[in-house]
Amino acid sequence: MAAPGLLLLLLPLLPLRARADEHEHTYQDKEEVVLWMNTVGPYHNRQETYKYFSLPFCVGSKKSISHYHETLGEALQGVELEFSGLDIKFKDDVMQTTYCEVELDKGRRDAFVYAIKNHYWYQMYIDDLPIWGIVGEADENGEDYYLWTYKKLEIGFNGNRIVDVNLTSEGKVKLVPNTKIQMSYSVKWKKSDVKFEDRFDKYLDPSFFQHRIHWFSIFNSFMMVIFLVGLVSMILMRTLRKDYARYSKEEEMDDMDRDLGDEYGWKQVHGDVFRPSSHPLIFSSLIGSGCQIFAVSLIVIIVAMIEDLYTERGSMLSTAIFVYAATSPVNGYFGGSLYARQGGRRWIKQMFIGAFLIPAMVCGTAFFINFIAIYYHASRAIPFATMVAVCCICFFVILPLNLVGTILGRNLSGQPNFPCRVNAVPRPIPEKKWFMEPAVIVCLGGILPFGSIFIEMYFIFTSFWAYKIYYVYGFMMLVLVILCIVTVCVTIVCTYFLLNAEDYRWQWTSFLSAASTAIYVYMYSFYYYFFKTKMYGLFQTSFYFGYMAVFSTALGIMCGAIGYMGTSAFVRKIYTNVKID
């Protein structure tokens with residue numbers, strides 16, 4: 001029952017192949033080519049979009065074709081395709097033709113003037129190729145406003161496929177109340193040598209993404225990794241060798257000498273180091289969620305490297321949702337097994353919290369922003385049916401798969417096989433210098449991981465919040481690997497110093513010191529907003545800071561889980577290699 005249920009519930013994520021022409025991208029001569037009008041909105045606020053016909057544009061005379069959201073990602077991203085009504089046929093040129101008239105009363109003129117003042121531009125699609133055009137422009141004094149009324153389309157074809165589309169806006173007409181404005185279009189077909197597989201290359205920006213700074217940042221992060229790994233290896237190996245030698249020497253002493261000796265270091269907390277963490281239910285849920293986010297990130301990046309996901313509307317988001325749902329057993333396995341090893345008994349509650357931790361955070365933020373989108377009548381307002389679909393995926397796909405993972409985790413690796421037994425009475429934690437306190441370690445732990453990724457953050461932010469298409473997923477994969485190595489190295493060093501100060505509260509410290517990367521990323525998002533963009537308005541600002549908080553938190557949970565898993569292996573290793581009475 002699980003497999004058919006998964007298929008049925010995830011069906012909205014998969015593209016539908018209903019109409020042959022547009023989806024197969026092949027046309028016969030004189031066959032209809034659909035020009036879809038998508039959205040219109042201010043240039044500086046990329047996510048603040050509205051239906052194209054929310055402005056008083058007129059529609060062509062051709063009979064309307066209904067459009068539906070083909071994927072869940074398309075619906076969530078606010079794609080609102082409406083038929084333009086323009087009569088376009090494959091390889092059939094159209095001279096300049098008037099397709100409708102706009103009666104410009106005061107209300108319609110004010111709507112166009114507002115759009116021109118706020119630099120509105122619109123997006124259209126022909127055969128899944130995006131086209132952008134500007135609504136109008138103002139004169140130098142800002143007193144008179146002009147509307148572009150003539151859409152001049154030039155479409156390139158190679159065989160029976162469309163490979164290129166260009167739009168030129170002409171016919172500048174002054175907006176005068178109580179007049180009629182004629183809207184016109186023309187279509188010119190031309191043969192092109194561009195291959196169908198390469199038709200999206202014109203939308204990419206190699207000069208931006210493959211700039212020397214990008215290469216230099218990767219090289220710089222790579223050198224940081226080599227330095228950190230070398231430093232960790234040298235310091236810890238030399239220090240641990242001395243520790244082992246000192247502890248071996250102590251083993252040869254008699255009890256009197258040992259009592260008089262100066263005992264200190266990480267060996268002294270061997271009876272408490274594997275003590276369950278405080279709040280194990282929340283902790284294990286965070287670790288399980290972090291492991292799942294890492295698995296999703298890894299798989300989505302690999303898929304994006306193999307497939308050009310940017311060529312299909314909403315495909316990246318649809319893929320991410322599908323992969324997140326499918327990797328739910330990862331969350332259950334790591335979270336459930338850790339909770340079992342820490343002696344937790346409320347495993348069903350832990351499973352529910354682990355399963356819904358990330359979806360509740362994302363859906364809660366989306367629900368809040370959705371209220372603002374509805375108030376603005378924006379296309380980003382999520383339809384009710386889409387909300388129901390997301391809830392069904394959470395309850396009927398994510399939760400059952402999480403249950404499977406939890407049961408496997410508890411049965412396969414839920415037994416506490418620690419190298420040291422845990423003392424019945426907790427050891428008192430001695431006083432230490434201020435910079436060895438867990439709070440200080442947590443604050444400083446995220447600096448180096450953030451330093452290894454902040455240049456890549458700029459490119460990712462620019463592709464999402466500005467008008468760039470991110471396609472260098474090889475860079476992203478390399479940065480993810482670098483981030484993992486740096487995070488593990490930093491948390492191991494922090495944990496070693498903490499244990500050497502005879503403080504055994506390393507579980508939360510290792511998690512939070514790595515997770516504090518999220519604080520620096522969110523602080524960087526403020527810098528990016530105020531100094532790298534020209535966003536404005538309640539909707540765009542709420543959208544930006546709301547989803548940046550979600551992104552930063554998810555990144556922090558992932559880094560925290562990576563840091564804890566690496567540190568856990570390190571702690572287990574050093575206490576396995578030392579003799580304990």
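Cβ coordinates are placed from backbone N, Cα and C, and glycine is handled just like the others.
Listed in TrEMBL for this protein:
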type	residues	note
SIGNAL	1-20	signal peptide
TRANSMEM	215-237	transmembrane segment
TRANSMEM	281-306	transmembrane segment
TRANSMEM	318-340	transmembrane segment
TRANSMEM	352-376	transmembrane segment
TRANSMEM	382-404	transmembrane segment
TRANSMEM	439-461	transmembrane segment
TRANSMEM	473-499	transmembrane segment
TRANSMEM	511-531	transmembrane segment
TRANSMEM	543-565	transmembrane segment
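Fewer than three CB pairs closer than 8 A are found between the transmembrane segment (352-376) and the transmembrane segment (439-461), and contact between the two stretches is not assigned (pairs 6 or more residues apart). Distant neighbours of the transmembrane segment (543-565): 47-48, 286-291, 293-294, 297, 334, 358, 361-362, 365, 368-369, 372, 380, 445-446, 449, 465, 483-484, 487-488, 490-491, 507, 510-519, 521-522, 525, 529, 535; these residues of the same chain sit at least 6 beyond its ends, with a Cβ under 8 Å from one of its Cβ atoms. Of the two recorded stretches, the transmembrane segment (281-306) lies close to the transmembrane segment (473-499), with three or more CB pairs under 8 Å once pairs fewer than 6 apart in sequence are set aside.
Only sequence-distant pairs (6 or more apart) were considered; of these, fewer than three Cβ pairs between the transmembrane segment (439-461) and the transmembrane segment (318-340) are under 8 A, so the stretches are not in contact. Panel annotation: around the transmembrane segment (511-531), residues 283, 286-287, 438, 441-447, 449-450, 453-454, 457-458, 461, 465, 487, 490-491, 494, 541, 544-545, 548-549, 551-553, 555-557, 559-564 of the same chain, lying at least six beyond its termini, place a Cβ under 8 Å from a Cβ of the stretch.
Most Cβ pairs under 8 Å with the transmembrane segment (473-499) belong to 215-237, among the candidate stretches 215-237, 318-340, 382-404. Cβ atoms under 8 Å from those of the transmembrane segment (318-340) belong to residues 6, 10, 13-14, 71-74, 280-281, 283-285, 287-289, 291-292, 295-296, 299-300, 303-304, 309, 347, 350-351, 354-355, 358, 393, 397-399, 401-410, 412-415, 561 of the same chain, restricted to positions at least 6 beyond its ends.
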